[in-house]
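Reviewing the structure listed below.
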């Protein structure tokens, strides 16, 4: 049974897992008609990170406006839609509930099916807007909350072959940025500084030679903090550019080395980089070089910058796959802030 019985295959998608309220209208799973993103970064900057209560309040204020703007920009009426997609996890529980409530209300009001989408699957399927996915593939998922290597044999099949044992890569960037006195979020600033500095400090590359695909960034974070604090105690001024370059060199080398190694062991046609840290130019450049040198037969897919961060377009792309597999939800669908990949295919 298919829900796509109307003239056009159109879905409304809602994303509210963290600090971006986003609503999109997607056609055919790979065409963005609108992708409205209401960012809250300025509200969280003074706290140096996302405050869940503040995030939830912003979602309440923005979600209805975003729905109206998404439909208007797409020139689509509710009657033309075939379903409503919504992120149900992972994320901040309060933030997720706002998006879920809005999506349920809209779906109920217009008698449309509700499609549950795993936020992390959404990041992977953002690559559908670049090119069709070819299986098997490997996805390096790097964000503020996750660092994972995910192997996919087919649509909707996710096998985590490696993950961080402590801090996520994006989390390490933000903590290092705080030490350097950079505004939140710090990833873009550190990336820019790194391109002007050199790897002077040779920070540790954790687990680089271990026979697995797991990551660890807590040791790097500690080494960085100790280097800065020790210099301060000696009254020594360190180069912010060199510190940023040294930190980024460590993160990127570990991510690239482990990813290439995983792609050499698992048969893959494509490598995807997804998540907020996929916007990092240093990582993009290093991965492109490594792929061309070591795995020329593998195609590298990286979403455009505007689709690396949280957005509803990626949720819509993933929702088309869920709909094809008849994965729909009732109005009892609840937020699952800690949901993993392994449960996505079990959604009924």
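Positions of Cβ are set from backbone N, Cα and C atoms, glycine also.
Going by Swiss-Prot, these are the annotated features:
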{"type": "BINDING", "residues": "119, 123, 310", "note": "Fe cation binding site"}
{"type": "BINDING", "residues": "141, 142, 143, 144, 145, 174, 187, 191, 280", "note": "substrate binding site"}
Requested in this report: Using DSSP reduced to three states, classify residue 119 (Fe cation binding site) as helix, strand or coil.
Outcome: helix
Query - Those residues of the chain, 6+ apart, with a Cβ under 8 Å from that of residue 280 (substrate binding site) - result: 187, 191, 248, 252
Query raised in the report: To test your reading of the Fe cation site: which residues beyond 119, 123, 310, same chain only, put their Cβ within 8 Å of the Cβ centroid of those residues?
Result: 15, 17, 87, 120, 122, 143, 275, 311, 314, 315
Query raised in the report: Counting only residues 6+ apart in the same chain, whose Cβ is under 8 Å from the Cβ of residue 123 (Fe cation binding site)?
Result: 141, 143, 274, 275, 314
Query raised in the report: When you measure from the Cβ of residue 141 (substrate binding site), how many other Cβ atoms are you left with inside 10 Å?
Result: 25
Query raised in the report: Far apart in sequence but close in space: which same-chain residues, 6 or more away, have a Cβ under 8 Å from residue 310 (Fe cation binding site)?
Result: 15, 17, 18, 19, 20, 22, 37, 119, 276
